[in-house]
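J.: Below is one structure. I have some questions about it.
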Amino acid sequence: MSWFVMKWDLVCDREWLVSLSKSVFMAGTFASNLLFGQLADTLGRRPTITACCAITVFSAIICAFSTSFIMFIITRFFVSFGISGVYNVSFVLLMEIVGPEQRSIYGIGMNFGWCIGFVSLPGIAWLLRDWFWIQVALTAPCMILLVTWWLLPESPRWLMSKGRVDEASKTLTRAAKVNGKKLSDIDTRMKKMMVKATEIHESGEASGNYLDLLRTPGLWQMTLNIYFLWFVNSFVYYGLSYNTNELAGDPFINFALCGAVEFPAYFLTIFAIRSLGRKNPLAGTMIVGGLACLLMYPLPADPWWLGVIVSMIGKFCITCSFAIAFVFTAEIFPTVVRNIGLGSASVFARVGSILAPFIRELGNATHPVVPQIVFGILAFGSGLLVFLLPETNNVSVPETLAEAAARTKKPKKNKENGHVTIKLSTVDEIIQDDELTVVAPSPKLQANGKKLDDVPEEDGHNESHEMTQKNAASEEQALESNPEANQKSSTPTTSEVTVEIENADTANEEENDQKTNL
């Protein structure tokens, strides 16, 4: 940064241009999310990622040869414009090719790449000490990604939503071969996918736009909540990251610590969202992070390290919440507008990141702890609003706007027979089936948070489940021998797996009714 300041004389009355350069960089991300979210849902994930990669590489090369400050910030704008598209669309692609239980691992695991870059950046800057070579070093990974674009698969979910079932079948078959899995009844599964794709097209929900998120009943409230969540997370995250220069101690070490704290944050996040779900850990980390920021106000200036520790706690919590927000958002929005949903949410995040550099100016004009107080109030308030959102843990992602809107309502419990019904989309069936797993190890279906193996074998429940499976197999054989019946039975588009569980409340109610009748 000292080279950057000295080269263009960004001191005294030109010091504000440092914050401007950061905001212009974030503005590139803002514009990227507006454009590439729509393109990815219209043209596909794979071509969008490739185009973004090319924009990033060419802009970064030109940026390295910048001869003026204006040229520098313009090329940096396009670097951000491209790399943000690569990250967001790649994240959505990853979420669409893994099963429900594995989304937490892969979704959070993707952030380790960001974390490694965060921690290594101070070391690269300290070793090279020259902007040109720093830029070349940071561009190299994206160059590798660009020349290996042909290895990237297209999302089978997106292909199915567009009616391109044959291509989706080829993608799943190729993945199965790579992973050494069997796809013995792929044709039957593909027929279900064809029916689902046809229904989506006939309903007019094969595509969507930004306005659909705000005019769909039951979905617009959730969308606005998600937007505010992303704005606050980004504003606080980047505000704390940029504020490391204001902390006591070596700026290189502080920046590295700010990145290093993300490693344990991501590990803890994976454990938390797998065991506690998405909503509660997200709300909890935001509330605790907000309280940590507010604690900066009463802290004494001496010892200096106390403020650094509290600030790192706040950064730790916001890192967790930001990572969960990515997974949570990708699971809430339906396939037809998933990139639009994530992209538009990221637009609001970019508004926060654009404003974040100037929070330092607010602190200089008032008091150094004012930024921390602003961070704390916003994070605490947003954390409380998270409780209004639906849980998405171990639930198949919605395919259409109607499915996503329906999930904003609380599910009704079946008190008549104590059954719990778990619905899987056709793609999830293929991804999760014990013999048909093509991407991730198959998790067993869960009932009330317990795996099927953990459900007690009382009153013949497990035996009943086995009989249900045998009966289903017999019915499939009968349907295959009777084409007319098979045609009539092909209308269901989701597979319902009913797990019989002893419902203590229902049993007690029946017992009380019997006593009353006596």
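Cβ atoms here come from the backbone N, Cα and C positions, even for glycine.
TrEMBL does not curate its annotations; it predicts them automatically.
Heads up, here are the entries from TrEMBL:
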- 450-468: compositional bias 'Basic and acidic residues' (COMPBIAS)
- 469-488: compositional bias 'Polar residues' (COMPBIAS)
- 489-506: compositional bias 'Low complexity' (COMPBIAS)
- 1-393: domain 'Major facilitator superfamily (MFS) profile' (DOMAIN)
- 441-518: region 'Disordered' (REGION)
- 16-36: transmembrane segment (TRANSMEM)
- 48-71: transmembrane segment (TRANSMEM)
- 77-98: transmembrane segment (TRANSMEM)
- 105-126: transmembrane segment (TRANSMEM)
- 132-152: transmembrane segment (TRANSMEM)
- 219-240: transmembrane segment (TRANSMEM)
- 252-273: transmembrane segment (TRANSMEM)
- 280-299: transmembrane segment (TRANSMEM)
- 305-328: transmembrane segment (TRANSMEM)
- 340-359: transmembrane segment (TRANSMEM)
- 371-389: transmembrane segment (TRANSMEM)
J.: Are the transmembrane segment (340-359) and the transmembrane segment (77-98) close, by which I mean at least 3 Cβ pairs under 8 Å that are 6+ residues apart in sequence?
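T.: As far as Cβ distances go (cut-off 8 Å, pairs 6 or more apart), the transmembrane segment (340-359) and the transmembrane segment (77-98) touch.
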J.: Are the transmembrane segment (252-273) and the transmembrane segment (48-71) close enough to be called in contact, which here means at least 3 C-beta pairs under 8 A that are separated by 6 or more residues?
T.: no
J.: Could you tell me what the rest of the chain brings near the transmembrane segment (16-36), counting residues at least six beyond its ends with Cβ under 8 Å?
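T.: Same-chain residues near the transmembrane segment (16-36) but 6 or more away: 1, 4-5, 8, 10, 48, 52, 69, 72-73, 76-82, 84-85, 88-89, 238, 242, 339, 343-344, 346-347, 350-351, 353-358, 360-361.
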J.: Does the transmembrane segment (219-240) come close to the transmembrane segment (48-71), meaning at least 3 CB pairs under 8 Å for residues 6 or more apart?
T.: no
J.: By a Cβ-Cβ criterion of under 8 Å, what residues six or more beyond either terminus of the transmembrane segment (77-98) are in contact with it?
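T.: 24-29, 31-33, 35-37, 40, 45-46, 48-49, 51-57, 59-60, 63, 106-107, 110, 114, 142, 145, 152-153, 155-158, 175, 326-327, 330-331, 335, 338-339, 342-343, 346, 397, 431, 439-440.
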